[in-house]
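Residues or ranges marked as active site, nucleophile by Swiss-Prot: CYS50. Sequence annotations record features per position, and here Swiss-Prot assigns substrate binding site to THR49, CYS50, ASN51, ARG52, SER109, GLU114, PRO115, GLN116, GLN120. Residues annotated as NADP(+) binding site in Swiss-Prot: GLY189, ALA190, GLY191, GLU192, MET193, CYS194. The site 'Important for activity' annotation in Swiss-Prot covers HIS99.
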Amino acid sequence: MNIIVVGLSHKTAAVEIREKVAFAPTQMEKPLQAVVALPDITEAVIVSTCNRVEIYATTRDVAGGMARIKRFLADYHNVPLELLEKHLYSYHGEDATRHVFRVASSLDSMVVGEPQILGQIKTSYGYAAEYKSSGIILNRFLHKAFSVAKRVRTETKIASSAVSVAFAAVELAKKIFGELSDKTVLLIGAGEMCELAAKHFINTGVRGVMVTNRTYERAEKLAEEFDAKPVHFEALMETLPKADIILSSTGAPHFIIHEKDMEEVLRRRKHKPMFFIDIAVPRDIDPKVNNVENCYLYTVDDLNGVVATNLEQRKVEAAKAEAIVEQEIGQFFKWLSSLEVTPTIVALRTHFDEIRKAELSKTISGWKDLPPGAEKKLDALTNAIMNKLLHQPTSVLKRIDQGNRNDLYVDALRNLFDLEVGGESQDNMMELED
C-alpha cells in the first residue's frame, strides 16, 4: 500500500488560485467521502489552510491515484484541470512521508517554525477520523507526523525565532503607519489568527481594538479576553469608518467587503487612509478595494518580506529539524513495511505447510507396516525441508527496504503462489513508539 500526497501551497500557487480549491472546515464530510469513493483510494485526509490545500491518501495504484485526486480537485471546485495542474505537486512513498513530516514540523511553512500548522493538521485529521475516511495507515502516519513535530519543537530552537502570520501582519501595519498608538483596529473573525493578531496589536499599544464575528458570542469572548469592543456582524458597514486597520480572517466562501462599499465608508472617514490585511483563504475582501483611493489592501501572500526576519538563525535550526525528519522516515517505513511483509510471510508459510501436510498424509496412508515413530520423524523431516526452502525468500522479504522494490517482491509472491492474505493481526499492526 502506498501513501500519496497531492496539493498546492503558497510556494506553487498565489492566493487567487488557492482560494479556488479551498475546503470549508465545517463541510468536510462530503469531500472526504468523495475521495475515498474514488477507484483504488482506500483512505484520505484533506488539509485546507490559508497557505495550502493537500490531500493525503493511500492506494495501490500510485499514478492512477494521483491522477484521480487531481481530477477530483478540479471537478469538485469547478476549476479547469489544465489551469490547476501546473500549480499542483504530488509525492508518494518516502517523498510523501518526508513532505508531510516537514509540513507538520513547520519546515515547509511561509513562517518556518510557526506552530499553527500542526494544530491545523490535527483538526483535519479529526475530521477524517470523525467521518471514517482515515484507516490504520493514515492514522499511524499522522500520529507519527505529530510525534516528529513534537521532537522538532523540543530538540531544536526553530520555534524560538519564528514569527506567526498574525505577527507579520502587525509588523506590516507598523511599516505602513509607523506609530500605531493613534490607530483603531477592527478584527473580522474570532479564530486563532485573529486572537494572535489581537495580542500583537495590544502589545504595540494601539488606541483600541474592535472584534466582529458572524457568531456574536465568539466576538464577545475574544473581546473580553483583550479588553476590546465586540461588534455585531450586521453592523460591519457602520463600524468600518471607525477603523484605521482592518484584519480579516473568516471562513466565508465569498467576499464580505466589496469595492462599492468603500465610497461611503471613506466619505464618513473624511478620506483618511485605511489599511486592510486579508489573511483569509478564500479571501474576505474584494481585491478591487485596493483600487480605491486611500485604501491599501494586503493579502497573506504579501507577508513574505516580513517573515524573512531571523532567517539565518532559522536555517541553522531547520537543518537540525531536517535530520530528525529523515530519522523518523526510516522508523515509519519499518512499520509500514510490516503491514505488507508480515501477512505475506504468514500466508506463504501457511500455503507451503498445507501442501506439506497433505502430501505427508497421502504418503503415510499408503505406507503399510510403518515403523513406530516413523510418522513423527517424517513430519519433522518435511517440516525441516520446508523451512530450508522458505528461509531465503523470508529473509529477503524481512530485510529489503520499503518502497517500490518491496511492493514488487510482495506482489510477485502473492501472484506466484496465489496467496490469500487475510486481515492483519493486531500483533502485526503494533505501532512504533513515539
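Please read every residue number as a count from 1 along the shown chain.
From the backbone N, Cα and C atoms, a Cβ is placed for every residue, glycine too.
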Beyond THR49, CYS50, ASN51, ARG52, SER109, GLU114, PRO115, GLN116, GLN120, what residues of that chain have CB atoms within 8 A of the centre of the substrate site's CB atoms? SER106, MET110, VAL111, ILE117, VAL165
Cα-Cα distance linking GLN120 (substrate binding site) and CYS50 (active site, nucleophile), given in Å to the nearest integer: 10
Quick check: with GLY189, ALA190, GLY191, GLU192, MET193, CYS194 left out, which same-chain residues have Cβ atoms within 8 Å of the centroid of the NADP(+) site Cβ atoms? LEU187, GLU195, LEU196, ALA197, LEU222, SER249, THR250
Based on the record's binding annotation for substrate (THR49, CYS50, ASN51, ARG52, SER109, GLU114, PRO115, GLN116, GLN120), what whole-number value in Å is the widest Cα to Cα distance? 15
Where among the binding-site residues THR49, ASN51, SER109, GLN120 do you find the Cβ with the fewest other Cβ atoms within 10 Å? GLN120
Tell me which of the binding-site residues ASN51, SER109, GLY191, GLU192 ends up closest to HIS99 (site 'Important for activity') in space, Cα to Cα. SER109
Tell me the coarse DSSP state (helix, strand, coil) of GLN120 (substrate binding site). helix
